[in-house]
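To keep things clear, I will list the structure first and then write my remarks on it.
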Amino acid sequence: MSLLQVKRITKHFGGLTALSDLSFSVEEGKVFGLIGPNGAGKTTLLNIISGFLKATSGNIILQGKSITGCHPHILASRGISRTFQNGQIFGNMTALENVMVGCHIRFGGEFLNAALQTGWSRRQEGEIRQVSVEILASMGLQAWAQEPADSLPFGLQRLLEIARGVATKPRLLLLDEPAAGLNREEKERLTLEIARLRCQGITIILVEHDMDVVMSICDRLVVLNYGQKIAEGTPEEVQKDREVVAAYLGDEDGFHA
Amino acid sequence: MKIPFIWTAIAAGLALLPVVLPSNYYLGIMIFIGLNSLAAMGLCLLMGYAGQISLGHAAFFGMGAYISGILSVSYGFPPWLSVIAAVTATALLAFVLGVPILRLQGYYLAVATLGLGIIVYLVFMNWTSLTGGPSGLSAIPYLALGPLSFNRDLKVYYLVWAVVFLALACGHNIVKSRVGRALRSIHSSEIAAQAMGINTGRYKVKVFALSAAYAALAGGLYAHYLTFISPAPFGFQFSIELLVMVVVGGIGDLSGAILGAAVITLLSEILRDLMPHLFSYGAGEYEIVFFGILLIVFMIFLPGGLVQGLDFLRRRPRVMAQR
């Protein structure tokens, strides 16, 4: 069954058409790759799916229900979370607190409860901490729990951002270029983590330029160019596609961007 | 909740302080430090934790004072009730005003809150039938609890500082909770906070209302302590002083607001004595210049405020020993 359907999405920025009549659907429990040259509209599409941008026209359907135009925080509670291309960890908190913020929607307690430190709110706090420690440990970041998040090595900050997203208990996790700036070892670790999330049943949309990562982990790919879908299929199928090769390299030598 | 030793010591010190203070004048200053601490703590919740600026917080202090004063003078409310009503009304008003204002960010928010402060000040000045205009509102009754009337500085001193510690405890609990983390996440990255399911707009408005409530509580206590209020203390300069208190104390630390309030209130008093000796003309105007310079110096050399400075001094011996 398809978890997410993108239906005829078009997005104009003034006179520029960033996305044009784009449709595809994402199967549950798969890693879905979204690739294309710079400026193809990949991040724009992620922003529309996660509610940060409104599409000019078209619909986004999550499990049969339209979520078009919903606010990001609503979508998070419906099971869509994401990471950001430029990294948006909370640098003013520890690594553990970052993940604890991720747990926000799974727990309750507002100002009054917090101010009065009711027994209930203390129990909630204990649970939040426990769940967060577990998630951090599952990503192999337990040693960094009490460190300021911005003191983590870059590659680990990326993993922390994913851990924080996982803490929201998403059905669908959108990863925007998680491998950018990582070294080979870090990329391998990232690939393993993504595979592990898939095993947990989290569906993933991966925007990525690194073809090693994309080809090794994605179950299915959509290729965008100038806001249009130019190919869709398994990594093998897409790699052979003449139009894709042309869009990426301008020649037919191969596919090693 | 475990209370750290240092706070027990500070509370005990404050409880014994009136014994050694030479005159009521100093008790009065201590009361003002307490009132300013309350307002500065509120501003600290807004600025230090949620990362939203307000250049008009004196307006909420003034609203607390005026609403409570008017209710008790013109409508015969018992002072306790009028303070509670004033705090509630100010918080509600801040909530409603916050909905459009807090959509703005950065400079725009600063200018909008500045405008809010000016408008409220003008209302105090010009709605003469209600506020008494420039000549103010007098004969405000003292707070009273049954037979206990807070008609002496000593009693008000204990009351104000009890409220300060209560407000500090509540604020501390909030910032250490799920709510506090949500606020800090907004400070750091609003889009990431939204992606975590945090309704950032709603939280910003709520913390704005809470910080207005802190200021209004201080204002209400102020009105029933002095028994006379006029618009002058609630102008732009006081908003800036509150801001300086938060920054000097330590913007990311609630207890820093108390430290900042103490330092700035004392400096204010000293400057008031000193300035006329240094400048023959317009001495009052130089006070704000001095605070401006203080603000710049702190932003450059000690952006974490005095709390950070003290923390550094406390740790240094250990660092030295490790070498």
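Cβ coordinates come from backbone N, Cα and C, glycine included.
Under the heading transmembrane segment, TrEMBL lists B:32-51, B:58-77, B:83-102, B:107-127, B:156-175, B:207-230, B:242-267, B:288-310.
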Range from B:32-51, B:83-102, B:242-267 with the greatest count of C-beta pairs under 8 A to the transmembrane segment (B:58-77): B:83-102
Intrachain residues whose Cβ lies under 8 Å of the transmembrane segment (B:83-102), provided they are six or more past its termini: 52, 60, 63-68, 71, 77, 109, 112-113, 116, 143, 201, 204-206, 208-213, 215-217, 219-221, 224
Best-contacting stretch, by C-beta pairs under 8 Å, relative to the transmembrane segment (B:242-267) and drawn from B:32-51, B:107-127, B:156-175: B:32-51
